[in-house]
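Read the structure below first, then the notes.
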Ligand SMILES: *[C@@H]1O[C@H](CO)[C@@H](O)[C@H](O)[C@H]1NC(C)=O
């Protein structure tokens, strides 16, 4: 009896500590991502701990997640192209496929040395985007890695930078605004030349004498529901399909902004937002999109 009891206790203790380990294991680029284009310009280094994308005159490069996710708290640390990055765009986004796809975008528009990057965000639902918000950052995103996060649950999408929320897109389906919630999405990233529009609206061109341009990625973490062959890891309790898919803590599935986070978001929007589609009445002569008026 006694030893039985003890082994049960140690089993539980083992299970608990495993659970904690599972939650703490960071992603690995070899395990979690495929390089999809760039002919050797994308590299996975340090046994999967680091990924670099590069861009030269001939081509950019990109990668995508092996998994498809339907909701998640997804973090990535990115260090952007340093120096004269004018004309370059580093895109980091979630997307499903097809004409009525959903998409959640971060895009980083490069600039001349010392001039600010623009962080461009957008949300597509059922193929419809046109929901741009743009920000300057409160730090130099090329000097070090910073964490860019997407919280996507059935009620809301929250974009965060180093834990500070910068944008929230709420589920307003009850008011007739479609919301991404049925189509699983992959994570994509790419570094490419967009000097026809990216920097000062296309006035500043890419200076190829500075190529190759490089952006780096590390510490990917997805606390997310993985969809594979029609089954969702979040609906089958305690069957973690990958080490970084921690099904034992799904707090993020109903997470919302508390008053402190809301205040911080308002501060960022007040000080650093440089474009908001919801404030662009000229662009919508028929009236602002519904989500802007609620
Ligand atoms: C680049 O710098 C200029 C001048 O400061 C600024 O107007 C612009 O918003 C910056 N960012 C981009 C991506 O053009």
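Glycine is no exception: its Cβ is also placed from the backbone N, Cα and C atoms.
What TrEMBL says about a protein is an automatic prediction, not a curated fact.
Per TrEMBL, these features apply:
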- 23-217: domain 'GH16' (DOMAIN)
- 103: active site, nucleophile (ACT_SITE)
- 107: active site, proton donor (ACT_SITE)
- 111: N-linked glycosylation site (CARBOHYD)
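On the structure: features taken from TrEMBL.
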| residue | record | Cβ neighbours (10 Å) |
| --- | --- | --- |
| 103 | active site, nucleophile | 19 |
| 107 | active site, proton donor | 19 |
| 111 | N-linked glycosylation site | 21 |
Coarse DSSP state, helix versus strand versus coil, of the residue listed as 'active site, nucleophile': strand
Contacting recorded positions, sequence order - 103, 107, 111 vs ligand 1, Cβ under 6 Å: 111
Average model confidence [pLDDT] within the domain 'GH16' (23-217): 97
Cα-to-Cα gap, residue 103 (active site, nucleophile) vs residue 111 (N-linked glycosylation site), nearest whole Å: 25
